[in-house]
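J.: One structure is given below, represented as structure tokens, and several questions about it will come after.
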């Protein structure tokens, strides 16, 4: 298809990559009054989009990268929605010689923040702007309003801000209703999105463990689970997108069997890597994030389906049947879930704070909590409390030390511990619940047993140690066999 771009109205915004997220973001931008240009490597995909979803929209398609670039007004604003890694670099390398100083590229995929750092430096050196932008909200969020986490070239963000503010999710907030803010330079946006996904892993695993205890421990039916989760979603503590969709899931019937669909879904969870990246970053920066690690590990364990089935016939465990008051235990499970959730978010925010300090991102933690209130997968009512905690005390070292969260966890730790004991007695694995409680118990202790660890290190490797009766920074070595 040929057209004379010289006589066409220039497009305000361009999208490369027409998988469902790219399509939905293009439609979102167009619906806010911005003329769009689109391009996809496969012409068939472009033609299908133009013949179906783009009909009647102010969207123009290009069938070569050169035509696509010519369609855009300057400074060109190009959103790239392709698979992370090599495909992003390939698109950038194809665009670079066609762009002019001041033009900007936005990577809206789940790219590794280190790749975004490299791309930002490379493109800024040529006079181009680069924005690595985390996009959360899934297909629906992309279309109706996602949570956006842009980082990179500040000047490029300023050009994009009027568009991003309009396409982002909108929430009730006295500071700013749009769920978008400039996260910081370089890979800051993709870093925060990575940690968002890590927290998401933690949230999902904690909910799965609560479900396991309620269903396989207390014996609740799917109808009862639907009712309980619906009630939980009305509470200040647990009101969230993930609890809301879990409520819907328990009610969904399977058209093939007539039974509940949840009972026919294989217990093997997939993952795309952002949870693993979060865990690796936590280790590299020295920030403990055990709940998130447990959640990633739980998905890995779930993938060993055939191996687990074989092991189940050989390795026995407790066979206790619950005989207590079910109604009395449901609120205890709710409290355990909330306490664990607080720990998971505390870990994620601590990791962002450390990365911000280490990489010079200057991340505004209250703003992060604000933009996660709408559009994104981890949106939850208690994010207002997280925002307030960091706004009241910008130097807060850990979310658990904020007055409200401290009191909440202290008030609920009794039921939390009871639920873990019950799970252990019944042989129900609760790795994320357990890791959360271990995190709390470790963080609140002034003295841990790592004095023995350090003594062992000095014994076999002369790694030295500090003494409790001497100032920090003085190191000692002992000849242990003398």
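Cβ coordinates are placed from backbone N, Cα and C, and glycine is handled just like the others.
Dumping what Swiss-Prot says about this protein:
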ACT_SITE  193  active site, proton acceptor
ACT_SITE  200  active site, proton donor
BINDING   17, 18, 19, 20, 21, 22, 40, 41, 42, 82, 83, 84, 110  NADP(+) binding site
BINDING   110, 136, 137, 138, 196, 197, 201, 272, 299, 457, 463  substrate binding site
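Each of the listed features needs to be described in terms of its position in the shown structure.
T.: Secondary structure at residue 193 (active site, proton acceptor), taken from DSSP and collapsed to helix, strand or coil, is helix.
In the three-state DSSP scheme, residue 200 (active site, proton donor) is classed as helix. Counting every protein chain shown, the number of other Cβ atoms lying within 10 Å of the Cβ of residue 200 (active site, proton donor) is 23.
Residues within less than 8 Å, Cβ to Cβ, of residue 17 (NADP(+) binding site) and separated from it by at least 6 positions along the same chain comprise 40, 80, 81, 82, 91.
Counting every protein chain shown, 29 other Cβ atoms lie within 10 Å of the Cβ of residue 201 (substrate binding site).
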J.: Check the binding-site residues 40, 110 for other C-beta atoms within 10 angstroms of each C-beta and report the one with the most.
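T.: By the 10 Å Cβ neighbour count, 40 comes out on top.
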J.: For a quick check of understanding: among the recorded positions 193, 463, which residue's Cβ has the most other Cβ atoms within 10 Å?
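T.: Its Cβ has the most other Cβ atoms within 10 Å: 193.
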J.: Rounded to a whole angstrom, what is the C-alpha distance between residue 201 (substrate binding site) and residue 83 (NADP(+) binding site)?
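T.: Approximately 21 Å lies between the Cα of residue 201 (substrate binding site) and that of residue 83 (NADP(+) binding site).
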J.: Give me the largest Cα to Cα distance among 110, 136, 137, 138, 196, 197, 201, 272, 299, 457, 463, the residues the record lists as binding substrate, in Å as a whole number.
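T.: Maximum Cα-Cα distance: 48 Å.
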J.: Measuring Cα to Cα, how many angstrom lie between residue 196 (substrate binding site) and residue 83 (NADP(+) binding site)?
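T.: Here the two Cα atoms are 19 Å apart.
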J.: Grab the NADP(+) binding residues from the record (17, 18, 19, 20, 21, 22, 40, 41, 42, 82, 83, 84, 110) and give me their largest CA-CA distance in Å.
T.: 21
J.: Mind telling me which of the binding-site residues 19, 21 has the densest Cβ neighbourhood, counting other Cβ atoms within 10 Å?
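T.: For the binding-site residues 19, 21, the Cβ with the most other Cβ atoms within 10 Å is 21.
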J.: Could you tell me which of these binding-site residues, 196, 299, has the greatest number of Cβ atoms within 10 Å of its own Cβ?
T.: 196
